[in-house]
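As structure tokens, the structure follows; a few thoughts come after it.
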Amino acid sequence: MVSFTSIVTAVVALAGSALAIPAPDGNMTGFPFEQLMRRQSTPSSTGRHNGYYYSWWTDGASPVQYQNGNGGSYSVQWQSGGNFVGGKGWMPGGSKSITYSGTFNPVNNGNAYLCIYGWTQNPLVEYYILENYGEYNPGNSAQSRGTLQAAGGTYTLHESTRVNQPSIEGTRTFQQYWAIRQQKRNSGTVNTGEFFQAWERAGMRMGNHNYMIVATEGYRSAGNSNINVQTPA
């Protein structure tokens, strides 16, 4: 959730603008503009849909629409402005063979992720298994922890610390783990247990699993995704 906020400085020079409705004088923080963005966005929510757990969060700073579809499917359409993350999966998460497919189209290769995303508690950890991403590679601003050969590809492992940032437990300081696929793809099968074990071997301790979803995340970009989680709920 809100993972991009830790890399705003690095991203701002890269982030493109694709606003459908420009803010007066380019100011995106005015009250009328903020209200307009919120009216055009799907409100944050969590719950169950067709047996799957879903999580949807947006900071309300961009027009973004999230829709749950049949089975394990969902879609997201977004435009420039803020941060969002959402998708379908399981509560609790854990070691699972996840098969997914779909489309992931950030406009102009903008800042966005297609990933397996989740949290653990005790310790509090936010983790990403990145399958595809736009122009920004989050590993560039995190500490390297080695590589993993898995799911027919190579993943680089990384770790960073988030200080006093939003989490599933409120504002906390916690670790953020990454596994970033070098051969980007929009479909495939991921055995999450392989990644959890690789992180543990690298000294990156996992906790008790909270939710885990096949997620789309975006920050100051535009695009669309249509994802189908094929692994049963």
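Using N, Cα and C of the backbone, Cβ positions are placed for all residues, glycine too.
Pulled from Swiss-Prot, these are the features on record:
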- 1-20: signal peptide (SIGNAL)
- Asn27: N-linked glycosylation site (CARBOHYD)
- 40-230: domain 'GH11' (DOMAIN)
- Glu126: active site, nucleophile (ACT_SITE)
- Glu217: active site, proton donor (ACT_SITE)
Using a 10 Å cut-off on Cβ-Cβ distances across all protein chains shown, tell me which of the active-site residues (Glu126, Glu217) has the largest neighbour count.
Glu217
Averaging the per-residue pLDDT over the domain 'GH11' (40-230), what integer do you get?
97
Report, in whole Å, the straight Cα-to-Cα distance of Glu217 (active site, proton donor) from the residue listed as 'active site, nucleophile'.
14
